[in-house]
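Asker: Annotation source TrEMBL lists domain 'Major facilitator superfamily (MFS) profile' at 79-700. Look at TrEMBL and you will find 503-558 tagged as domain 'Kazal-like'. Annotated transmembrane segment per TrEMBL: 74-93, 114-138, 144-166, 254-284, 304-328, 388-406, 426-446, 458-478, 582-609, 621-644, 673-696, in sequence order.
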Amino acid sequence: MQVWFCISSRGSLPMKTGRHHLWGFLLPEAEDTIMEISSKENTHFFSNSTVLPVDRSSFKSESSSSKEKQSCCGGIKIFLGALSFVYFAKALSGSYLKSTITQIERRFDIPSSLVGVIDGSFEIGNLLIIILVSYFGAKLHRPRIIGAGCLIMSAGTFLIAMPQFFMGRYRYERFPSTINSTVSLSPCLQDKGQTSLSALEKSQAKINAGCEKEAGSSMWIYVLLGNLLRGIGETPIQPLGIAYIDDYAVEENAALYIGCVQTVAIIGPIFGFLLGSLCAKLYVDIGFVDLDSVELSPKDVRWVGAWWLGYLIAGVVSVLAGIPFWFLPKHLPQPESRKDSSTSSEHSKFIIEENKDQGASSWQQAKLAEMAKDFLPSLKNLFGNPVYILYLCASIIQFNSLIGMVTYKPKYIEQQYGQTSSKTNFVIGLINIPAVAFGIFSGGLIMKRFGVGVLGAAKLSLGSSFLGYLLLLSLFAMGCENSEVAGLTVPYHGAKPVSDHEQALFSECNSGCSCSRNDWDPICGENGVTYVSACLAGCRASNGTGKNTVFFNCSCVGTSESPQSSSAVVGPCQKGNECPKMFLYFLVISVITSYTLSVGGTPGYILLLRCIKPHLKSFALGIYTLAIRVLAGIPAPVYFGVAIDTTCLKWGSKRCGGRGACRLYDSSALRYVYLGLTLVLGTVSIFFSVAVLWVLRKRSSPQDETLSANGESGACGTKSRKDNLVNSDQLIQSTYWPEKETRL
């Protein structure tokens, strides 16, 4: 979810995670709208009131003017193409990170709460330098700053993939008989003195020998630092890139160009999740191990795909995207139509040229001092606006809901419906994201077609949120039952039922075996029940290796009458027969919900912009996006992860001991925690939205819906129908949030 912050006249920053009224997705990033809108409406705040000198260039010959115009158009179009590619690159890497959340969790054996910290590190990186970029960005060579940002972003992406090459091959819990075909071991080690036990002890001793080094290495830190670098590198792209276009594009083309950039950005998340789907099909150590020796299937919770491969691809794309900016000029020729305009470039407002005299420098310093003096009164004025503060609270809470939901949506689909990571990412990338984009476009289209005013925008935003969360409520009935796992969700045959507070992994049928309760090496019995390990299933013989291993004489699998006739195969059993149908229902409701929530995004931002005094809009948008990042983008993935961890029934174990990643969740508890937390936060945000609508109704007149913000008549009001149509037209093209587009 990316959010941009810029204190310049064009500035507003991305919010990111994305994250937006949505919006359904994703991540993960939508606040781009802020930048586009504010760049057009706030330029007069910084413009000088002095009379401009006569532009002598107007007396140039027609051929000279034509050449200048052609040069200007050519330069801005090259910049436009380069910026579009950068938007694609950053959306690609951001959405790919969302698609690999579960892969990273399994590869590094970490809980969901820690994965949430890694996900939030992007926002932290953005916040570290956002003020510096906002202030100094307009004073320096903007294209090269963007190019440097791309290099930093690519360096962070490469750093995320580096642990794969330093931490050795992926190891997972498995029974020794499936490792070495030359020694036939009995899963149920009844005779403590048999040869197989000696082999097992040697194998364990070999594992323990490498524990000291591995225990001291926390390679997930490199993933966190890499994502932090991604956040730092991405910071200048939005504010400086959009401002550059707004400075040097023909005024009537600026909105079109910005819309083109946002449209290209939509493709990034689609390719990001599709890339995640492809890499999840490939085994993590592909090219380094014999794949025939891997006994896992993609549906196994221990399966880890080639998560690192996509980061290498995304890093290369980021490097290529940054190259053109090193060859672009610091300035482009001003279009003829803007040389006489009061809307001068951002550089002309903020940069003190070396050839300025001392008087001009002193005047500039006085102006900056005056602006600093007005900071606290402006802040007081802003927070004294009830519409703004209520909408800010509603947005913060709703973004908490949506960011948390989108971050763990792949995990929810995998655990609840038994789907592979590959299929999950494919569905999100090909179905959900287009629905979000279409919803945002529809919201802008409705605003334009019906000339919706401020009060109407508030109603539309509230209505879409209410209907969206109402649809989300129906997902409670579209879950799957828990997988039947002996000792965890169902009892062993003939044993007492398993209670919520007792995990009876040991039973009379495996009491004679020397089993560990920490391992997770599931097998599927011929009775359709999954057992945590072959030992806990009481199996006394095995045949074959790897995926083809078959266990025989499993006392816990067979009935008491014929315990010798039971067998089991490697891997967990499939979910119930009703689960595929429930998954189909879930997809349909999820797509409709994504579309419905995203429809209210454009009206929401119109509401925000129309209820702020014109000279405070940039400041208000900066506070808004900063609050979303700090109070939603960073904490939401963390506490959602903590809540999800509480539903774990069986934790994996690390090679050297200690708790690893969760192997089995309570499906019902996961559904109630994941959807419940999302709905509770969404409901609270709706109450704040109702309060916004109530204040607007109280302050508006039936004739023109003119508002009075802070008790001042006309300080916060709607535009005329014509103005609304123009602004809505711009929103249709530029309201998409690149990275949060993945939100639902």
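Start at 1 and count along the chain as shown; that gives each residue its number.
Yeah, the Cβs are placed from backbone N, Cα and C, and that goes for glycine too.
No curator has checked TrEMBL annotations; they are predicted automatically.
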Asker: Look at every Cβ pair spanning the transmembrane segment (388-406) and the transmembrane segment (621-644), keep those 6 or more apart in sequence, and say whether at least 3 of them are under 8 Å.
Answerer: yes
Asker: Under 8 Å, at least 3 Cβ pairs, sequence separation 6 or more: does that hold for the transmembrane segment (74-93) versus the transmembrane segment (304-328)?
Answerer: yes
Asker: Using a threshold of three or more Cβ pairs below 8 Å, and leaving out pairs closer than 6 in sequence, do the transmembrane segment (144-166) and the transmembrane segment (458-478) count as in contact?
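Answerer: Per Cβ check, the transmembrane segment (458-478) does not touch the transmembrane segment (144-166).
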Asker: With Cβ distances under 8 Å as the criterion, find the stretch in 144-166, 304-328, 426-446, 621-644 that has the most pairs with the transmembrane segment (114-138).
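Answerer: So the stretch in question is 621-644.
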Asker: Could you tell me how many residues in the domain 'Kazal-like' (503-558) are helical, how many are strand and how many are coil under DSSP?
Answerer: 6 helix, 15 strand, 35 coil
Asker: Can you see whether the transmembrane segment (254-284) and the transmembrane segment (582-609) are touching - at least 3 CB pairs under 8 angstroms, only pairs 6 or more apart in sequence?
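Answerer: With fewer than 3 qualifying Cβ pairs, these stretches do not touch.
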Asker: Under 8 Å for C-beta pairs, could you tell me which stretch among 144-166, 304-328, 582-609 has the largest tally with the transmembrane segment (426-446)?
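Answerer: Counting Cβ pairs under 8 Å, the winner is 582-609.
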Asker: Could you tell me what the rest of the chain brings near the transmembrane segment (304-328), counting residues at least six beyond its ends with Cβ under 8 Å?
Answerer: 75, 78-79, 81-82, 85-86, 88-90, 92-93, 96, 99-100, 103-104, 106-107, 143-144, 146-151, 153-155, 157-158, 160-161, 163-165, 170, 233, 272, 275-276, 278-284, 286, 298, 421-422
